[in-house]
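The structure appears right after this line, and notes come after that.
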Amino acid sequence: MLVPLAKLSCLAYQCFHALKIKKNYLPLCATRWSSTSTVPRITTHYTIYPRDKDKRWEGVNMERFAEEADVVIVGAGPAGLSAAVRLKQLAVAHEKDIRVCLVEKAAQIGAHTLSGACLDPGAFKELFPDWKEKGAPLNTPVTEDRFGILTEKYRIPVPILPGLPMNNHGNYIVRLGHLVSWMGEQAEALGVEVYPGYAAAEVLFHDDGSVKGIATNDVGIQKDGAPKATFERGLELHAKVTIFAEGCHGHLAKQLYKKFDLRANCEPQTYGIGLKELWVIDEKNWKPGRVDHTVGWPLDRHTYGGSFLYHLNEGEPLVALGLVVGLDYQNPYLSPFREFQRWKHHPSIRPTLEGGKRIAYGARALNEGGFQSIPKLTFPGGLLIGCSPGFMNVPKIKGTHTAMKSGILAAESIFNQLTSENLQSKTIGLHVTEYEDNLKNSWVWKELYSVRNIRPSCHGVLGVYGGMIYTGIFYWILRGMEPWTLKHKGSDFERLKPAKDCTPIEYPKPDGQISFDLLSSVALSGTNHEHDQPAHLTLRDDSIPVNRNLSIYDGPEQRFCPAGVYEFVPVEQGDGFRLQINAQNCVHCKTCDIKDPSQNINWVVPEGGGGPAYNGM
């Protein structure tokens, strides 16, 4: 049972809150702690403490304004924008008037988009056959493709044989945020109503249980949960069909999975966290069009992951680099951020960065479950597209092309059903089952099926290297046609071992030239939130972080978060520690919601426009 917020009069605590971005965490060494003090209230969000029982909300006008549309799309990423563009293309071609509204939680289109990104352009060219004439930002065709295995000191080159997923011939290195921004312009030119800075916070339902639309979040709420004088209720958007294109681990999709039991016939999703930086490097080290991928060091063979280093041709010697770490890792002492910083010091990586300048940083979770983890995609009144259900081709390290194609197929399926209905009617919750059928008959389904066994093959005794052997034998020869389907090992949060069973990892200190601390890194993400609002990182039980996560796992949230949101600080009275949530640091990666071993953290949307401000990430 939660208790009232303890009085926090400590001067150090006030200093912490005076900073906009906080330090990563206070080191707890290998000791697990428990607290003798009363558990302070951490969570004040109305999703945990309903406002109808709070006297401070008595007399507040809770009426919401409602708008009607034919289609509402949640999320302006590659999938959502592809659906929006294709719907309006079809409407123009068939001389139909369809109202399409798209809401995006970022302040600008593309500001929350982060990917490698090496783009397979097939679906993009299908959507925009005249992309060159329209000036789409595909500036860097791949000219060189390399793959290697890293040991601590050496790089072992591995040939990329024709037909293997890693082959990038014909692809483009892109800054996906810029591409998404360009797609947003095309959508608006076609008549799509695009609303950046509006965060979809709630799914609305008809009396019959079908999806009615969404509501954006309320704004003007104090940190303690009380209404401000500037309080405004969110907006309701009703539609015949609502498309959920939130990206990986969307918070509304989580609700829909439970409401409609969409995961009844699939395996749990498994995830990775991708950390990325942009650097301007010395021109003599610049190889425009080069794509370089590695596996191995600094991760052990039982920790799935790999790195990328892409040389962009953007008018300056720019490289995009990053590390992906599978979130099914077992050691609670592992820090994906610090593994990334350590990786940059490898003898095959460091020379590229020496003399350069880091200009951007960010992180985002990504789906790795593949074919086995795809849920049911349609339900009365709505459907899922893109990285929300998870169409990433993991060995190919690409999901943008499949996300775009899913958006195109969704739009075509919806248009067919909309135009067979009376567009002037307020049809209740159209169930567009044709979309799932069309997807299963497309190249997306065939592609994901062919690589379905590669990611789970890494769970054997040989780990990642066993997966490489499996890929070389079965994928290269049989092209994924083996008569069996391997399974994943369960949910990622279940894989974490107790701290007593693991060895703490000693990471080298950052040198400030190649590797950096978390504080300076988060600053480069541009992340910003209104400070005086309830933390959007909500806890179902405020006592669990200390009494379970810290006690058993030595507080893994302070290490798996790539933005320093979670830290354990000394209590003001008594012995031990308490969890402090620095919500303004959050880059919306969703890792905490995925990896928390107690599944106590629930990520909800903050006020619209908050979060990272990525520029072409």
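A Cβ is built for glycine as well, from the same backbone N, Cα and C atoms used for every other residue.
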Please find, within the list 109-130, 197-218, 373-394, the residue stretch that Swiss-Prot describes as intramembrane segment.
-> 109-130
In Swiss-Prot, which of the ranges 228-247, 268-287, 408-427, 428-447 has the intramembrane segment annotation?
-> 428-447
Could you check Swiss-Prot and say which of Ser34, Ser515, Ser551 is marked as phosphoserine?
-> Ser551
Including all protein chains displayed, how many Cβ atoms other than that of Ile73 (FAD binding site) lie within 10 Å of its Cβ?
-> 35
Considering only the binding-site residues Val71, Val85, Cys586, which residue has the minimal Cα-Cα separation from Lys132 (N6-acetyllysine)?
-> Val85
Row Val71 (FAD binding site), column other C-beta within 10 angstroms, all chains, value 25
Taking DSSP H, G, I as helix and E, B as strand, the domain '4Fe-4S ferredoxin-type' (577-606) contains 8 helix, 8 strand, 14 coil
Euclidean distance between Cα atoms of Val71 (FAD binding site) and Lys96 (N6-acetyllysine), Å | 13
Lys96 (N6-acetyllysine), number of other Cβ atoms within 10 Å | 15
